[in-house]
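S.K.: Would you mind keeping the following structure in view while I ask a few things?
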Amino acid sequence: MSEIKLIVGLGNPGDKYADTRHNAGEWLIERLARRFNFNLSVESKFSGKTARAVISGQEMRFLVPTTFMNLSGKAVSALANFYRIPPEQILVLHDELDLPPGIAKLKQGGGHGGHNGLKDIIAQLANNKNFYRLRIGIGHPGDKNLVASYVLNKPSPTDWQLIDRTLDEATDCIEILMKEGITKATNRLNAFKA
């Protein structure tokens, strides 16, 4: 039985950003949509694309904000408040500079680590950091001054192969989360290396 009621995939809107590292969370939502056969549709009151699906008998909501990354919290808080979903039942899928490609980690709580999407979500949830995060490794450019351009560029073919396998594993682990709970999903994903 899933403790999670809302899964959010972070990214930037528009074709210009679709294949960039910062959109890793949205890439994962797209895989979940294929796996569980749901379609996201734009809902302006939530500033995002949303879907509802019943998976393993559990109602689940999905959200991809259509705001830019640094305003992601507007969409998350609007949907969470409307459906009365507390932060502890939210899973945010996002790119992670501090993990190499081929690695993903699932955890609850923590800071924003400089991630502007997480920073805004925390602010819009009244500084509540207790939501879950699925961190998709994209690697680090090695110099903090290069981070902004790095996350807004496409991964190399080698990195993409690792990220692709990681997204497949993360999709499997989210299915485990829905059927068997967060602990089992966390243990499996956190042990994975592409």
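Glycine residues also receive a Cβ, built from the backbone N, Cα and C atoms like all the rest.
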S.K.: Given Swiss-Prot annotates Tyr17, Phe68, Asn70 as tRNA-binding, which of Asn39, Asn116, Asn127, Asn128 belongs to that site as well?
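M.R.: The record-listed residue among the candidates is Asn116.
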S.K.: State which of the following binding-site residues has the fewest other Cβ atoms within 10 Å around its Cβ: Tyr17, Phe68.
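M.R.: Fewest other Cβ atoms within 10 Å, among the binding-site residues Tyr17, Phe68, is found for Phe68.
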S.K.: Please report the distance from the Cα of Asn12 (site 'Discriminates between blocked and unblocked aminoacyl-tRNA') to the Cα of Asn70 (tRNA binding site), rounded to the nearest angstrom.
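M.R.: Pair distance, Cα basis, whole Å: 9 Å.
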S.K.: Between the Cα atoms of Asn70 (tRNA binding site) and His22 (active site, proton acceptor), what distance do you get, rounded to the nearest Å?
M.R.: 11
S.K.: Tell me the Cβ contacts of His22 (active site, proton acceptor) under 8 Å, same chain only and six or more apart in sequence, or just say none.
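M.R.: When sequence neighbours closer than 6 are ignored, His22 (active site, proton acceptor) has Leu10, Gly11, Asn12, Met69, Asp95, Val151, Leu152 within Cβ distance under 8 Å.
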S.K.: What three-state secondary structure does DSSP assign to Phe68 (tRNA binding site)?
M.R.: coil
S.K.: Beyond Tyr17, Phe68, Asn70, Asn116, what residues of that chain have CB atoms within 8 A of the centre of the tRNA site's CB atoms?
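M.R.: Residues close to the tRNA site, other than Tyr17, Phe68, Asn70, Asn116: Asn12, His22, Thr67, Met69, Leu71, Ser72, Gly117.
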